[in-house]
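If you look up TrEMBL, you'll see 1-105 marked as domain 'HPt'. According to TrEMBL, the feature domain 'Histidine kinase' maps to 233-466. Look at TrEMBL and you will find 468-611 tagged as domain 'CheW-like'. Residues annotated as domain 'Response regulatory' in TrEMBL: 785-903. Among the features that TrEMBL reports, phosphohistidine is placed at H48. Residues or ranges marked as 4-aspartylphosphate in TrEMBL: D836. What TrEMBL lists as region 'Disordered' is 187-216.
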Amino acid sequence: MEDNELLVDFVVEANEHLAGIENQFLAIEEAAPSVDVALVNEVFRAIHSIKGAAGFLGLRTVNDLAHNLENVLNMMRNEELTPTSAIVDDMLKGADALKHLIEDVENSNGVDVSDHIAALERIAAAALDIGNEPAPQPAVQPVTPVAVEPEPAPAAPPAQLPSGVPTDEELEAVINAKLAAKKAAKAAALKPPSATQEPTPGSEGDSKENAPGKTVPEAQIRVAVGVLDSLMNLAGELVLSRNQLLQAVSTTERTGLEAISARLDQITSELQEAIMQTRMQQIGTVFSRFPRVVRDLSSKLGKQCDIVIEGKEVEVDKTIVEAIGDPLTHLVRNSCDHGVESPETRLGAGKPAKGTIQLKACYQAGKVRIEIKDDGGGICPNKLRAKAVQKGVITAEQAESMNDRDALRLIFAPGFSTAAEVTDVSGRGVGMDVVRTNISKLGGTVDVESEPGVGTSIIVTLPLTLAIIPSLIVQVGCDRFAIPQVNIAELVRVRESERGSKLGRVKDAEVLRLRGQLLPLVRLRETLDCAPAEGPIQGNATGATNVIVVDTGQTRFGLVVDALHDSEEIVVKPLGRHHKNCRKLAGATILGDGHVALILDIAGIAGDLNLRGEEELRDKDADALSSSTKDEDRQSLLFFKNNPKDSFVVPMDIIARIERVRVDQIDSVGGREVLQYRNATLPLMRLESCISTGAGDFAESVSVVVYEARGREVGLIAPILEDIRDVPVNIDTVTFREPGVIGSLVYNERTLRLIDLFELTQMCHPEWFANDPEPELNEESLAPMILLAEDSGFFRTQVKNIFEEKGYRVVDCEDGQLAWEELDSERERFDLLVTDIEMPNMNGFQLCERLKNDPRFASIPVIALTSLAGSADIQHGMEVGIDDYQIKMDRDKLLTAVQNFAGQAQRGRTVGSYA
């Protein structure tokens, strides 16, 4: 038993030593012809530790291979050998073989690695021939048990051991000491034998100081995966119990139970988060393999290619880290094979001979976004259409009506490949389809963006974890379903009076008209064949249609449900065998009231119904779209009352979240109200303290509208929350205008005052705004000049006032055509263009594209000012040259962006010119 434990410890520690060895070898190669002695020493010590332990355990093959690797490294650190690409190739192959031996360590002595050993011996012999010196012996002879044959005596006299190198007896003593410690405490693992390693040429201290970016690793503990899985399951059951208790408490008056429930809720959340953290791993453990992949494949294909990696520190669940390795490897290989051109082709196109692949990971909207981007030749949509028709993937009619974005997505079709010939690298047409399938199984999405001649980007979006998923519970008929929040874009309630203007049909497809876009509609009752409910459904607004706008990364559409219930963190349970092949379902869960809810697979629903995206609908029926948008601006607003008589609205775009809190949780400190929330203090404001309104109607609990101002979160108390509605913004800026109130609007025969959250904040906390920076002046002592294009008179006036209050000079225009004419006249020298997107005559995209294509104005930065900042809009904006997107009503972020871009423009050009 003890020998088995020693072997397990050896495998664990050897894998730790070899974890980063590929990248270390590549760094050694990159530093050539000079030798990074500190780095070579680091690799030498890792191989030396493996060799010593393998010799003690009788692992002859591991010992011999490590011994020869150590010889070559020893010659490098003594600067007797210069690392070349050919030498590093053989060392990488030797390290690969060493890894394979350790993976099957019990059978390693029977594996033939003579080819690798011979290659390493040839490197050492060639170096000796060049230097005309005797062959150097290894720094330390391996410690071998009695059963192992001793190594034959070397032909040349052995070199003297450097001072400080441990002898066989000393190494054996250290290992025996460790064995004694293991007998005393079975849980203690063997520590790496770094304590016995020899100092490098120079001193050990010098090595550490010279190693760039060297940090002392934090203490770690190894936990068996089975233990973590057990903890995760227990946490899941605890979440279910918490949900059931919360459900029971909501129907009783016992205040004692409420306190217990709140405490249980807090503990469960903290326990869940702590356990999830134990499963989180840095994505860099997967990314670290790709420099070697790119290096080897570039050499094989005769290309020159570098890989740049960002975001190694991003953490995701261990299950996802283990599952994404193969899909990402395929995508990186595709970028190298299909994306980056040959050096001759790149030079002919005016590009550097060496191509670049960027691999980036970041957090985005509660998910992880991975982008694989190359600067190669890009993908031509027309060629994809032709190839797809040739292979029978689509018909000629489908190809003719297909837009470029959907044409690019043909690369994910089964059996589709653009490779001219089948090789061992690519061309069989099975790769990208499998990539998409594997990513979908993880609850993720994959999409492609490309520009011919510029390059291609593959964007993979993944959840942070697969164990516990925040979801929205909905009801259809008598059944309840869970929709993962990661797929939910927004919730829309269409009143009976709005059905004619918001719901319609385009080419036999039911659609929702939403802020200038047409979205396909799916009625879950029909799609899932749900039985009708017996009697009225709780939570269903009479006559209203509830639509959940969902996004799969490739398709955005609306789900029609009967009622919306609470959001819950659900525990995913696998489906029974009868439902396993249903693409529309991802699993099941047990709700707080004990009922079972099925979890919807949004990507599966879209794929099963072959939904057309909003872009295709827009292309197929532009007339229907234009008739729905008309000339009015619409804004999503939060409706609330401060008391039964005073109604207000706040733009949803600038709200971070809405919290429900008990009144007794609100504290008063120094005359100001605050809420102790999420381990921080949240400043609160009451409307009656700032503007003309009656006292707030406070019940036992109130809603708090949380938003961000001056880099910190602030809360506005909204006593009576009503609804969120998408309404025309026809603002009266005179009748009810006062500090903190922009104006008023009339909706459904009610007068509502539009709150200016940032002005309210400035009234309550003037000290936050005391050191606002002034606009940078140019060489003529003039503030930056801004060209503003906005067709809404209200927004144009509001934005212009915001800029002018801060000292900027502004020229405003009613649409893109007038803005272009102002630019073209060159009456003014503009530092920045701020433009709306949806405008008559010439929209913001067209204006930006024309500006960027004119060498007189190409250097002028562009900020898109809109509330329509969906993923398709942002992508299109990037393509035409928009530098930034800002929400119309978010004054803080808008001013920050203007200050940055206008200042850069003034510093980047000379007086009197646009260049």
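Glycine is no exception: its Cβ is also placed from the backbone N, Cα and C atoms.
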Taking just the CA atoms, what is the gap between D836 (4-aspartylphosphate) and H48 (phosphohistidine) in Å?
-> 64
Count the other Cβ atoms sitting within 10 Å of the Cβ of D836 (4-aspartylphosphate), across every protein chain shown.
-> 26
Mind checking how the domain 'CheW-like' (468-611) divides into helix, strand and coil residues in DSSP?
-> 22 helix, 73 strand, 49 coil
Within 10 Å of the Cβ of H48 (phosphohistidine), how many other Cβ atoms can you find? Include all protein chains, please.
-> 28
DSSP assigns the residues of the domain 'Response regulatory' (785-903) as 55 helix, 21 strand, 43 coil
